[in-house]
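Copied over from Swiss-Prot:
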- 22, 56, 57, 58, 80, 81, 82, 113: 5-amino-6-(D-ribitylamino)uracil binding site (BINDING)
- 85, 86, 127: (2S)-2-hydroxy-3-oxobutyl phosphate binding site (BINDING)
- 88: active site, proton donor (ACT_SITE)
């Protein structure tokens, strides 16, 4: 039986971080965490592209373009959707997640979903460097591992 597992060795691949500007107080921290995590694992700044889009709704289309270019080993999607008084939150969060999954399944490029879908701003703060860590950092580590794993898989 063959066992495949990725690790955190720095690959030669480029990484794309696609982040929304909406809720920038949160997303800026997520982006910084992702960049620090990649750099801390041997990925140079010249191998990281940061792409800003207006909001979470626009992340999947940008991810699709980036994935189709074939220039990146993985895409890290970062955003923050906070529940409001209408159902808009549910549409944006759910369809963003579906779009990101569709991109990675159609292109074979790993897309890490770091788009926070939270009830309150305090929940987002907890996941952007607070008591629940930094989801940008976590997505970057998963991206590193997946890039290495994809190189191993037949």
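Indices start at 1 and increase along the chain as displayed.
Yeah, the Cβs are placed from backbone N, Cα and C, and that goes for glycine too.
Here the features listed in Swiss-Prot are placed on the structure.
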| residue | record | DSSP (3 states) |
| --- | --- | --- |
| 22 | 5-amino-6-(D-ribitylamino)uracil binding site | coil |
| 56 | 5-amino-6-(D-ribitylamino)uracil binding site | helix |
| 80 | 5-amino-6-(D-ribitylamino)uracil binding site | strand |
| 86 | (2S)-2-hydroxy-3-oxobutyl phosphate binding site | coil |
| 113 | 5-amino-6-(D-ribitylamino)uracil binding site | strand |
| 127 | (2S)-2-hydroxy-3-oxobutyl phosphate binding site | helix |
Counting only residues 6+ away in sequence within the same chain, which have a CB under 8 Å from the CB of residue 80 (5-amino-6-(D-ribitylamino)uracil binding site)? 20, 22, 23, 26, 27, 30, 56, 115, 116, 118, 124, 128
Candidates 57, 58, 113 (binding-site residues) - the one closest to residue 85 ((2S)-2-hydroxy-3-oxobutyl phosphate binding site) by CA: 57
C-alpha spacing of residue 81 (5-amino-6-(D-ribitylamino)uracil binding site) relative to residue 127 ((2S)-2-hydroxy-3-oxobutyl phosphate binding site), in angstrom: 12
I need the most crowded of these binding-site residues: 56, 81, 82. Count other C-beta atoms within 10 angstroms of each C-beta and give me the top one. 56
Fewest-neighbour residue among binding-site residues, criterion Cβ within 10 Å, set 86, 113: 86
Around the Cβ of residue 88 (active site, proton donor), how many other Cβ atoms lie within 10 Å? Please give the count over every shown protein chain. 12
